[in-house]
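A short worksheet on the structure shown next.
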Amino acid sequence: MKGVYLLVAVLALTSSLVSAYDPSPLQDFCVAIKESDGVFVNGKFCKDPKTVKAEDFFLHVEPGNTDNPLNAQVTPVAVDQLPGLNTLGISLARIDFAPKGLNPPHTHPRGTEILIVLEGTLYVGFVTSNQDGNRLFTKVLNKGDVFVFPIGLVHFQLNIGYGNAVAIAGLSSQNPGTVIVANALFKAVPPISVEVLARALQLDNRVIEDLQRRSWYGKD
């Protein structure tokens with residue numbers, strides 16, 4: 001009987017771990033389509049395998065336009081941009097930085113990120129959870145350097161070089177999601193109560209109202 005209980009406990013633990021990430025596919029591929037009929041897998045309907053083409057797995061990525069308030073541009077390659085990624089549990093993003101360009105503090109609720117610098121020098125970091133004391137881990141990365149940002153943790157990248165910088169980020173989900181901290185706080189729809197934000201951030205109500213009136217890049 002003890003053996004049965006142990007087996008049940010192990011299976012329960014394994015099940016919880018597996019369900020925490022993208023499930024393993026049960027077929028070769030499940031190319032996502034916008035139509036609302038067919039097989040629904042991982043939030044997308046699957047294209048008829050007989051009609052799948054090589055183009056469903058292909059995408060050309062151009063350098064991002066860094067002429068914006070943050071002087072940086074993230075170009076995602078996830079399931080919405082590349083339908084062939086559906087159910088495969090991976091995606092990537094190209095990040096272009098002008099001098100002093102910033103990819104602001106944000107999280108990916110459904111994916112761990114691994115980043116490699118192709119050009120330039122970046123100051124990167126992430127903050128651990130409350131349980132770990134909100135510790136900040138930072139590193140200066142140069143061409144060829146790799147850094148990992150654990151799933152769900154707030155992280156950022158800043159170009160501290162004198163020229164442009166380029167990085168590629170791999171993510172452990174075909175749809176990792178992105179939550180930019182400033183946008184989530186000050187441009188939620190409908191807005192978060194001024195009183196809530198003022199008390200949480202220990203700021204005057206007028207400061208919060210000013211922040212909510214501002215135009216936050218990356219909202220759309």
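Every residue, even glycine, has its Cβ placed from backbone N, Cα and C.
If you check TrEMBL, you get these features:
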- ASN103, HIS108, GLU113: oxalate binding site (BINDING)
- HIS106, HIS108, GLU113, HIS155: Mn(2+) binding site (BINDING)
- CYS30-CYS46: disulfide bond (DISULFID)
- 60-209: domain 'Cupin type-1' (DOMAIN)
- 1-20: signal peptide (SIGNAL)
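Sequence features, as recorded in TrEMBL, placed on the structure.
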residue	record	Cβ contacts under 8 Å, 6 or more apart
ASN103	oxalate binding site	LEU70, ALA72, VAL74, ILE95, PHE97, PHE156, GLN157, LEU158
HIS106	Mn(2+) binding site	VAL154, HIS155, PHE156, THR178, VAL179, ILE180, VAL181
HIS108	oxalate binding site	PHE149, ILE151, GLY152, LEU171, SER173, PRO176, GLY177, THR178, VAL179
GLU113	oxalate binding site	VAL148, PHE149, HIS155, ALA169, GLY170, LEU171, SER172, PRO176
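Report note: the oxalate site is defined by ASN103, HIS108, GLU113, and the residues of the same chain whose CB lies within 8 Å of the CB centroid of those residues, excluding them, are ALA93, HIS106, THR107, LEU115, PHE149, HIS155, GLN157, ALA169, LEU171, PRO176, THR178.
The DSSP breakdown of the domain 'Cupin type-1' (60-209) into helical (H, G, I), extended (E, B) and coil residues amounts to 25 helix, 57 strand, 68 coil. Cβ neighbour density within 10 Å is lowest for CYS46 among the disulfide-bonded residues CYS30, CYS46. A Cβ within 8 Å of the Cβ centre of HIS106, HIS108, GLU113, HIS155, the residues given for Mn(2+), is found for these other residues of the same chain: THR107, GLY111, PHE126, PHE149, LEU153, VAL154, ALA169, PRO176, THR178. Mean pLDDT for the domain 'Cupin type-1' (60-209) in the predicted structure: 97. The number of other Cβ atoms within 10 Å of the Cβ belonging to HIS155 (Mn(2+) binding site), over all protein chains shown, comes to 23.
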